[in-house]
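Taken straight from TrEMBL:
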type	residues	note
BINDING	96, 110, 115, 135, 185, 186, 201, 205, 320	carboxy-S-adenosyl-L-methionine binding site
Ligand SMILES: Nc1ncnc2c1ncn2[C@@H]1O[C@H](C[S@+](CC[C@H]([NH3+])C(=O)[O-])CC(=O)[O-])[C@@H](O)[C@H]1O
């Protein structure tokens, strides 16, 4: 069974030592529910894949390279190489990355490093900061945040396969600064007010109530803390946002695609100050595509073949804005 007690003990002890006993006991309850009282149907299979990964010593990491990289001095022997392949293949599909496990390159569906490169020039330096990443996926950006010098990084994402992918990296590293919880933002205690920087990238459009999402993000931050928000946007006047009739680019659960000016208004109304748009980029089929490690359909299949500037449903194709704001 997935040994969550052992893996989460350091985080729970840290929180207790920092007067966050309530949060620690809430996390322990949530973990118990997810792993023991009501486990996901695929958990045993994913755990077997994680357990298949070879035990290796003196692993070093490069958290500043485009692919989060793990390496050892000596190359892996053929048995270790085979076990590595079995374990990593058992954790497919790999969507957010890339990663390099001891020379095995995981070409993920997304070039998440491209997003990081777009965002990081505009973020206050992360050195010494306590950082939250909401909707962290496999945890790719968590490792890059630690590489950028953050003192502590916590990711939250409800996806359990993502969590298993996170532990496929974490189990190799003695890296006490980086944690991931299988939870939604809404599952965190209200008014945490303890993070210096909170990222929400690729989540807002999945929320039926985007303003509540912004309020919940604000409540995670200390006064003056920084929000980094990245989400899908459309053209149009202030106040406008697109609500797709059903799917958007074949994705279910897409609710609001605002204009940049609407987003600035939303941030103002939810208690942020100094909000600014720092980047707007079209998502290309080079950035999001099927690979050997994610063999399902991807962006190319979600765009109109006769007009790739539009989704198959006829909406404007994906364009993402990054905004930075402070808790007012
Ligand atoms: N309420 C929620 N709370 C926390 N996580 C959530 C919630 N709802 C959805 N998610 C999670 O947010 C992530 C959004 S993906 C962005 C990944 C990364 N940030 C990226 O920018 O590359 C974008 C996409 O694939 O559309 C998924 O992993 C969800 O499980």
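Our numbering is plain: 1 for the first residue shown, then up by one each step along the chain.
Heads up, the Cβ atoms here are built off N, Cα and C, so glycines get one too.
TrEMBL: automatically predicted annotations, no manual curation.
Features recorded in TrEMBL, as mapped to the structure shown.
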| residue | record | DSSP (3 states) |
| --- | --- | --- |
| 96 | carboxy-S-adenosyl-L-methionine binding site | strand |
| 115 | carboxy-S-adenosyl-L-methionine binding site | helix |
| 185 | carboxy-S-adenosyl-L-methionine binding site | helix |
| 201 | carboxy-S-adenosyl-L-methionine binding site | strand |
| 320 | carboxy-S-adenosyl-L-methionine binding site | strand |
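Largest Cα to Cα distance within the recorded carboxy-S-adenosyl-L-methionine binders 96, 110, 115, 135, 185, 186, 201, 205, 320: about 26 Å as a whole number.
Non-local neighbourhood of residue 115 (carboxy-S-adenosyl-L-methionine binding site): 141, 201, 230, 287, 320, each in the same chain, at least six residues away, with C-beta under 8 Å from its C-beta.
Around the Cβ of residue 185 (carboxy-S-adenosyl-L-methionine binding site), the same chain contributes 134, 135, 156, 200, 203, 213, 216, 217, 220, each under 8 angstroms and 6 or more positions distant in sequence. Using a 10 Å radius centred on the Cβ of residue 320 (carboxy-S-adenosyl-L-methionine binding site) and all shown protein chains, the other Cβ atoms total 19.
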